[in-house]
Amino acid sequence: MAASFPPTLGLSSAPDEIQHPHIKFSEWKFKLFRVRSFEKTPEEAQKEKKDSFEGKPSLEQSPAVLDKADGQKPVPTQPLLKAHPKFSKKFHDNEKARGKAIHQANLRHLCRICGNSFRADEHNRRYPVHGPVDGKTLGLLRKKEKRATSWPDLIAKVFRIDVKADVDSIHPTEFCHNCWSIMHRKFSSAPCEVYFPRNVTMEWHPHTPSCDICNTARRGLKRKSLQPNLQLSKKLKTVLDQARQARQHKRRAQARISSKDVMKKIANCSKIHLSTKLLAVDFPEHFVKSISCQICEHILADPVETNCKHVFCRVCILRCLKVMGSYCPSCRYPCFPTDLESPVKSFLSVLNSLMVKCPAKECNEEVSLEKYNHHISSHKESKEIFVHINKGGRPRQHLLSLTRRAQKHRLRELKLQVKAFADKEEGGDVKSVCMTLFLLALRARNEHRQADELEAIMQGKGSGLQPAVCLAIRVNTFLSCSQYHKMYRTVKAITGRQIFQPLHALRNAEKVLLPGYHHFEWQPPLKNVSSSTDVGIIDGLSGLSSSVDDYPVDTIAKRFRYDSALVSALMDMEEDILEGMRSQDLDDYLNGPFTVVVKESCDGMGDVSEKHGSGPVVPEKAVRFSFTIMKITIAHSSQNVKVFEEAKPNSELCCKPLCLMLADESDHETLTAILSPLIAEREAMKSSELMLELGGILRTFKFIFRGTGYDEKLVREVEGLEASGSVYICTLCDATRLEASQNLVFHSITRSHAENLERYEVWRSNPYHESVEELRDRVKGVSAKPFIETVPSIDALHCDIGNAAEFYKIFQLEIGEVYKNPNASKEERKRWQATLDKHLRKKMNLKPIMRMNGNFARKLMTKETVDAVCELIPSEERHEALRELMDLYLKMKPVWRSSCPAKECPESLCQYSFNSQRFAELLSTKFKYRYEGKITNYFHKTLAHVPEIIERDGSIGAWASEGNESGNKLFRRFRKMNARQSKCYEMEDVLKHHWLYTSKYLQKFMNAHNALKTSGFTMNPQASLGDPLGIEDSLESQDSMEF
C-alpha cells in the first residue's frame, strides 16, 4: 500500500511498484511512535503565518491532522519549516561555551601525564601540576642532593613533558598518584616497580564536537542491565566464570607471547648473540633466565642495567627503546638510553666465567664466555680473510705513504661499509665508530698510553691537565706567574700539545678557592661588619689614615676579612665534612647547627729582608696572624657528633694565613691599629650564626675561637702584662718568681682575659689612691689594656725551646763545676760554652747557634746528649744527677707534646705529677746553686700547670703554635719567589699564594702525585692476578706537600 506525500517533501509521484521500501518504513514509524507531522495543509500554513506575526509559537498550535474518515489511513502532513531558536547564532555560541565548560570539567578528572581517571584510585589522591613539591618529595630530593623543587621541573626531568606552557582549557591541572610514585621511584632506590600505562606521551587537544574526552564521558552512562535470572543454578555460574577466566588468561598469554615475538624481531640479534643452548652445563632454569637477555632470550652480550634493575643486551635494549618508546620492555617503567648502567662487577665476573660450547664444526672445545671471541676468531676460514691479489704493475705502497686522494681511493669500500654501519646502528656518527675502532686497535696491541689519550679526547677532556691540577703544581713548586708561563710555553712548543693550562685558566680556578667567592649570611648580621660577601684581599689598616693618634704607621699590611676567610676554609673542606657525616651514619641533609673550633696563632718574625721597590720604608720585621680549623661537630640526638678533626694540627698545610704585616711585634700602636678590626670581626662572630650552603643544602655554623698559638712574649703584649723579665713570672697564675721557686709544683690557673681588663681599669684609675708598688702588686703586673683574648695555656713548641735553653745552660755550668765554684769569671763561662759547643759538634753533629730553635732543642734533649756531656764532667755523682734530670724530663715531655696524651702516652700522663715533684726536688737540691730563689718561666709552667691544662683541654701539643712557625718559613719562601716589584702587590701575592698552599682541595692532587711517585709502580710479588701492580697496597698518603 502506497502512501501519498505532499510535494513539499520533494518526492516524485512514482508508481507503487517502484517506490523505495523506506517509504513504507517511514509510514510505519509515524504510526508506531505517534510523531507529530512536520507538514501542514496550505490553510494551516496560512494560519501559522498569521500567528507568527502575532508572536505565538507555531509548533505548539499545530496538532497532527488526520485524513477524512473514509477508511483511508492517516497521511502525515507538515507545515512550512521555520527557523528554530536552536539554529540561531546566539544559541550556537552558548552551546559552544557550554561544551568547553563540560570539556574542562572532564579534564579535572584526568591525569595530566598518563591520561588515566582519578576514579581508578580508591583514595582519590591527586597532585597539582604547577607549584612546589610536597614535603615527602622535597625530603627525598634533598637527600639525593637534587636542586629541583617544583613539579614542572620534576615532570620535565622524569617524563620529558614540558607543562610550563599548559592551558587550563586544553590540559588537566593535576596528576595521579601512580605518576607521583614513578617520580619517587626515579630518585629513590626502593625495590618496588611502578606500572606506567602508556607507551607514548599523552597528547591533549582543544575541544571539538568529536572530542574523545567528552564522547568517552558520555558513553560512560550505560543502560541498566537486566536483572540476572535468579533460577540459574550455582553450578552453571561457576562454569561460566571459569570459562571466562580461562579466555582472559589465554588472551593475556597470547598478547605476552606476541609482544615478545615483536621485541625479538626488533632486536634481530640471532646472528650476533649466543643461544642459551650453547651453555656447557645444564644450569637450573632460573639461573639461565638470570644470565639471559629478557628481550632476545640469548646469553647477555655487553649487558646493561636499567633503573628498575632489569638486565638486557645493550644492542637489544637500545633498539627496543628506539622503536617502542622510552620504557622498560619488562615492567613498562620509564627508561631512557642515558639511564643505562653497567651491572655490578660480581655479576659480570660470573657471566664471563660461564663455559660455552664452540659452535664451529669439528671443534668440541668448551671456552669461557670472556675468551669466546678470541677463540672463535681462530676458526675464520681463509676465504673470509681479505688478501690482496698482486696483479702486477707498480709495487703496492703503504697506506700512510700515499697522498690523501689515493688513501681515499684505497679505503673507499671500507668507508662505505663503516658509513652503512654507523647509519644503521649509531645514528650516523661515523667519527665515533672510527675513533672506537682505533681505540680498540691500540688496546689490542697494548699501546695503552696512546689509548688513554685518545679516550680522554673522546670524552672531551683532552690529554691536558685540569686547571686545578696545574694550579696545585704551580703553588706546590713555588713558581711565580712568569716562571709558570715559561714552563707552559716550553712544554707546548716541544710536545705540540697543551698539557698545562694557560695562566687565565689558573686564575679562574684561583677565584673559587680564595675568600670572597662564596655567598653567605649571618644571623643576626655582624655588628660593624659589612654584609657584602665578595670581599677578597683588603688593606690591613681597613681604611684608617696613615697615622693613628699622631703616631706614624710605616707599615704594609694585607689581610682577608675574618668571616669571609672562614667561609672559604669551610667550602674548601666540603668533601671532608660530608664524608665525616657519612662515616658517622648521619644523613647528608642535616643542616646543623655545626660547631667549628678554631685555633688562632700569631707570631713575629725578625730579619725579614726588604725587597727593593716602590713603597714606604718599612721595618725588616713581620707579624703573621693565622688560624686552623681544629674540629667540627654537629648536635644530633642530644649529643655532639664529631664530623671532622684535624689529623695534623701542627702542620703548615692546615694553618691558613689571615693577616700579613711588615711591622715589629713590639710596636704596640701599629699592632693594635692593624689587629683591632680583625679582633672586632672575631668578637662579632661569637654571637652570630653563619648560614652557608654546603653540599647543596643551607646549613648553620657556630664558631668557638681559642687563641693558643702565641709565644709568651706576644701573650704578654696582647694581654697587657709586663715583659718576660717581670717579677710576675707566669701568664697563667699570679705567682712571683720567688713564690714559684719556693713552691715549684702546687699552683693553679687564675688569670683570664676578663680579669686582665678589670685589673687594667684599676691600674688606669687607681681607685684606692695607692703608691706605684702597691698598685702594681694589686693588679699583678697588668700595665696596658688587653686587646686580644687568649686562652691561658702553654705553647708546647716554645716550652721545648725555653727548657732546652735552660738545659744548655745547666750543661755549661756542670762542665765548669759551678756547684763547687759559684764565683767564676765571665771569661771562664765563655770557655765552658765553647768547650760544650765543640764537643756537641763532634759527638752529636750539633752546630753552634746564636739563638735556640725547635730543631736544635729536639736534638739536644736526648739521653745521647747527656752521655756526651758527661764525658766532660769528672764527678760520677753529677753524672747520675744530670742523667736522672734528663730522664725525668723525657718522661714528662710527651704529655705536653702529644696531640692526645690520654691515647698516645697514658702511662706518662698518670706518672706526670710524681715525675714533676721529683724533678722539682732535684732542682732544689742537686742544682740548688742555680735555682735558689729563682726559676725560669717555662720550668715553672712545665712543673705547675701542665696537668690542669690537660684536664681542661685534653691536649697541649695540638694547640701549639708550631704550624704558624712553619708558616713563617713559607712566608720567606713565597716572598723570595715573587716577581712583582711593588711592595703592596708583593704582600698581596704572598698572602694569596700562601692561602692556596693550605687548600685541602689542591693538596689532594699533590698527595695523589706524591703517592704514585713513592710507590714507583713497583711490582708487588704478593699481589693477586686481579691487581698485578699492587698499586692499592703501595699507595701512601704524604704528610705534607714537598718543597
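Start at 1 and count along the chain as shown; that gives each residue its number.
Any Cβ shown, glycine's included, is placed from N, Cα and C.
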For the divalent metal cation site that Swiss-Prot gives as ASP711, GLU965, the extra residue out of ASP588, ASP603, ASP607 is ASP603
The binding-site residues listed are CYS293, CYS296, CYS313, CYS316; by CA-CA distance, the one closest to ASP603 (divalent metal cation binding site) is CYS313
Long-range Cβ list for CYS316 (Zn(2+) 2 binding site), cut-off under 8 Å, min separation 6+ in sequence, same chain only, gives MET263, ALA267, CYS269, CYS293, ILE295, CYS296
Spatial neighbours of the zinc finger (293-332) not adjacent in sequence (6+ beyond its ends, CB under 8 Å) are 160, 185-186, 191, 193, 195-197, 199-200, 263-264, 266-270, 272-276, 278-279, 339-343, 347-348, 351, 354, 356, 369, 425
Near the zinc finger (354-383) in space but 6 or more residues beyond its ends, with Cβ under 8 Å, are 274, 278-281, 291, 299
Residues in the zinc finger (293-332) per DSSP class, helix first, strand next, coil last, are 11 helix, 9 strand, 20 coil
In DSSP terms, the zinc finger (354-383) comprises 11 helix, 6 strand, 13 coil
Averaging pLDDT over all residues of the zinc finger (354-383) gives 79
DSSP output for ASP603 (divalent metal cation binding site) maps to strand
Residues near CYS313 (Zn(2+) 2 binding site) by Cβ (under 8 Å) yet at least 6 apart in sequence within the same chain, in sequence order, are ALA267, CYS269, HIS273, CYS293, ILE295, CYS296, HIS298, LEU300, ALA301, ASP302, PRO303, VAL304
